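Trainee: Have a look at this one.
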Number of protein chains: 4
Amino acid sequence: MSSISQALAATTSADHLVISDDPLHPANLIPELCRGFYHLGWVTGTGGGISIRVADKVYIAPSGVQKERILPSHIFVLPFPSPPDGDRVFLRRPPLDLKESACTPLFWNAFDLRGAGSCVHTHSQNAVMATLLTPGNTFRISHQMIKGVRVGGMKAALSYLDTLEVPIIENTPNEEDLKDSMADAMQRYPDAPAVLVRRHGIYVWGSDWEKAKTQTECLDYLFEIAIKMTAHGLLLVQK
Amino acid sequence: MSSISQALAATTSADHLVISDDPLHPANLIPELCRGFYHLGWVTGTGGGISIRVADKVYIAPSGVQKERILPSHIFVLPFPSPPDGDRVFLRRPPLDLKESACTPLFWNAFDLRGAGSCVHTHSQNAVMATLLTPGNTFRISHQMIKGVRVGGMKAALSYLDTLEVPIIENTPNEEDLKDSMADAMQRYPDAPAVLVRRHGIYVWGSDWEKAKTQTECLDYLFEIAIKMTAHGLLLVQK
Amino acid sequence: MSSISQALAATTSADHLVISDDPLHPANLIPELCRGFYHLGWVTGTGGGISIRVADKVYIAPSGVQKERILPSHIFVLPFPSPPDGDRVFLRRPPLDLKESACTPLFWNAFDLRGAGSCVHTHSQNAVMATLLTPGNTFRISHQMIKGVRVGGMKAALSYLDTLEVPIIENTPNEEDLKDSMADAMQRYPDAPAVLVRRHGIYVWGSDWEKAKTQTECLDYLFEIAIKMTAHGLLLVQK
Amino acid sequence: MSSISQALAATTSADHLVISDDPLHPANLIPELCRGFYHLGWVTGTGGGISIRVADKVYIAPSGVQKERILPSHIFVLPFPSPPDGDRVFLRRPPLDLKESACTPLFWNAFDLRGAGSCVHTHSQNAVMATLLTPGNTFRISHQMIKGVRVGGMKAALSYLDTLEVPIIENTPNEEDLKDSMADAMQRYPDAPAVLVRRHGIYVWGSDWEKAKTQTECLDYLFEIAIKMTAHGLLLVQK
């Protein structure tokens with residue numbers, strides 16, 4: 001048996017990493033949360049998803065599958081941090097013809113640059129319309145219920161009087177190619193809790209899955225009301 | 001054992017106050033109703049909720065948690081009326097690191113000033129857009145299906161020919177700081193069944209949870225149709 | 001025991017009329033359908049509902065209750081046709097402080113004037129907005145998927161090339177007072193499958209509950225697309 | 001027993017073709033998927049549905065029934081390819097007064113002309129509005145998340161930089177009469193993954209039910225955002 005086939009055998013049999021009776025185990029949570037995201041219109045047509053990191057393990061859904069039909073057995077487990085040589089390594093991969101989410105390098109930005117415990121990616125039309133209606137490369141809003149959003153996604157909650165800023169990067173044909181421009185935006189906007197991708201969607205992170213999810217909800221709510229306000233000629237930022 | 005730790009031990013062991021087989025027990029109803037509110041978009045991202053008062057006990061959800069995932073064991077129970085010294089007292093609090101809803105003083109306005117048995121708070125975008133599109137500080141509509149709304153939230157049902165009035169107060173960074181301006185609006189508008197908070201949401205009350213909930217639905221319906229009518233240039237109040 | 005209390009005792013004990021293992025029994029269908037209507041936004045805040053007639057019995061939901069929480073035991077059963085003296089008679093009424101739907105006389109219009117087997121009433125915002133955006137007293141649309149709608153609600157299906165006409169009557173403070181104007185509209189528009197009530201909603205009927213429900217869906221779909229077309233300046237009727 | 005009644009007896013007793021414990025059996029999938037489509041607003045009022053072909057068998061739902069209430073026992077099974085004489089033959093038909101979907105000849109276009117394994121038909125308002133807002137007979141969009149759509153519905157995924165083209169054909173009173181114009185559009189637009197029908201809806205196909213469904217979701221998403229962009233005066237195609 002070659003070392004490669006040994007490694008494959010090992011990872012496909014590491015099912016104990018994704019089998020748990022605990023509904024809050026990441027391999028159970030990811031399918032449940034993705035079903036919820038599907039019904040919110042965030043992951044229509046296989047796009048989008050959520051990754052959860054617990055200590056030195058990262059749980060990731062497959063690419064190109066119906067996000068409302070994921071099973072725990074479909075989940076990939078990767079080590080964190082990545083090995084220094086840069087090759088992608090798996091602690092567990094599904095015994096099917098599945099590939100890990102194309103968002104994996106983008107999720108890693110959130111883990112590496114912010115120490116996040118979870119990262120959500122949606123194709124929400126509210127996020128996309130916000131990128132189309134925002135002049136320039138920064139979405140801004142103030143004097144809304146932005147208290148559910150945290151500085152940099154990880155620190156203190158914003159206040160009603162603060163102005164939320166979310167950078168917008170340009171889309172690329174391949175999701176992986178967004179890695180550098182997303183990282184660059186995260187460094188230029190250290191207080192931003194998310195990065196919008198023009199004509200594509202958004203990446204949002206938090207210290208754990210609950211905070212990543214609730215911040216995604218808050219941001220989506222803000223984009224939605226911003227679109228409505230724009231349609232009525234109302235300004236998004238008050239002095 | 002100090003008196004404080006004795007009191008804490010007592011309240012965290014008062015689980016019988018929130019454990020019941022009756023689906024209509026407040027500790028069961030609050031989680032169920034909050035799940036429904038989540039799917040209506042009223043409590044996105046941990047905001048909003050419902051409080052129920054039955055005789056001398058008030059049941060309240062925790063602050064800053066996912067409202068579609070509350071469990072009966074998360075519910076706080078407070079005495080009503082409050083003790084005269086003004087300190088907040090609990091008959092039961094969850095054995096977790098949870099804080100009672102920041103809306104607690106606002107819910108109390110409804111109990112104290114109107115004798116309400118329940119109070120709902122939403123961040124509904126229909127309520128928020130109504131506050132943004134209303135010139136001045138009073139939302140008004142007539143000749144709609146407003147029969148589900150009661151005078152002052154507690155008395156006779158409104159008629160199709162009546163004009164519904166809901167006062168709008170200005171938002172503050174801290175939810176608790178709305179207490180006085182909400183109380184003031186309730187006194188100036190004795191017939192209003194609710195108070196809108198600009199760029200934030202709404203507080204609605206009723207004699208029991210059913211009437212608070214159905215009045216919240218009716219008001220949300222009216223705000224939604226008012227927004228559509230405004231977009232089409234139609235007047236909200238007929239002579 | 002007086003004859004009135006005897007009659008009451010008889011009707012409250014007639015529970016066999018609403019207890020059935022058959023999910024298609026009207027007393028089981030009405031709660032299920034009303035839950036579906038609630039999630040469509042048709043019966044928000046206790047308004048609206050459905051009545052089903054099977055041979056000489058009419059099944060009706062209570063008035064002023066949460067339509068997503070009706071139980072079979074809440075259902076009223078009335079004889080059809082009504083006794084000649086005009087008093088309302090019950091074969092079965094719930095042993096609770098409930099009143100039959102205020103729409104009862106309106107449902108009767110559909111049974112008496114069209115021989116319908118079911119009648120649906122909604123407060124759908126699509127129906128209400130259609131009454132607000134229609135100049136005059138007749139909603140008209142053509143060249144849409146109107147094949148699910150039947151001539152007079154009971155006969156042959158409409159064709160893509162037909163023009164659907166639905167009369168609009170003016171609302172009144174009391175639902176019962178719509179009876180005569182609804183009947184009048186039904187006689188003036190013998191081919192109409194429904195009657196719209198300005199600023200209020202719609203009554204739709206069919207030969208059975210399935211046809212009443214699917215026609216309500218088709219009409220609501222047509223009102224919704226008519227509103228969108230109007231917003232884009234498109235005409236609803238093609239020559 | 002005549003040969004016709006013998007044939008009928010045979011097909012109505014071929015229940016083994018639609019009875020299976022496997023949730024992914026077409027006779028179980030079609031009811032489940034149609035329920036999902038109902039809640040997306042795609043098959044309101046009995047319109048629309050999905051057909052699945054597995055090797056030499058085609059599974060089809062009945063015509064004119066509530067699509068959220070289909071049972072496996074309602075499913076028709078037809079042979080593929082059709083017998084050369086052109087008569088419609090059934091391997092199994094329901095023992096009820098049901099007729100196969102009027103879309104059957106249209107589904108067959110996808111099987112015959114593209115080798116599809118599944119075809120979806122919706123009356124989605126997004127599709128209908130796209131046909132009403134598109135000048136000319138081709139819907140076009142670029143620089144959106146069109147990666148979930150495949151060239152011709154069956155080949156390589158589109159890229160962010162590609163322009164998606166979907167032909168629009170004119171509606172006819174009878175669904176069957178669309179067969180030739182749909183086939184003609186499929187031949188003129190060999191790369192199109194779908195055919196829009198003006199004022200009616202859309203037909204989308206894929207190599208299997210998952211790809212047909214996810215492509216339908218992607219296309220519906222694109223029509224929805226195209227309508228929003230049009231309302232804000234934004235162009236759908238970038239150079």
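Positions of Cβ are set from backbone N, Cα and C atoms, glycine also.
All TrEMBL annotations are machine predictions without curation.
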Trainee: According to TrEMBL, C:HIS121, C:HIS123 bind Zn(2+); identify which of C:HIS39, C:HIS74, C:HIS200 is listed for that same site.
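Mentor: Given C:HIS121, C:HIS123 bind Zn(2+) in TrEMBL, the matching entry from C:HIS39, C:HIS74, C:HIS200 is C:HIS200.
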Trainee: Could you state the CA-to-CA distance between C:CYS103 (substrate binding site) and C:HIS121 (Zn(2+) binding site) to the nearest Å?
Mentor: 8
Trainee: In sequence order, which residues at least six apart in the same chain have a CB under 8 Å from the CB of C:HIS123 (Zn(2+) binding site)?
Mentor: C:TRP42, C:VAL43, C:THR44, C:GLY47, C:GLY48, C:HIS200, C:GLY201
Trainee: Taking the domain 'Class II aldolase/adducin N-terminal' (C:28-227) alone, what is its mean pLDDT?
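Mentor: The predicted confidence over the domain 'Class II aldolase/adducin N-terminal' (C:28-227), as a mean pLDDT, is 96.
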Trainee: Name the residues of the same chain, 6+ apart in sequence, whose Cβ is under 8 Å from the Cβ of C:HIS121 (Zn(2+) binding site)?
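Mentor: Correct list: C:GLY48, C:GLY49, C:ILE50, C:CYS103, C:LEU106, C:PHE107, C:GLY201, C:ILE202, C:TYR203, C:VAL204.
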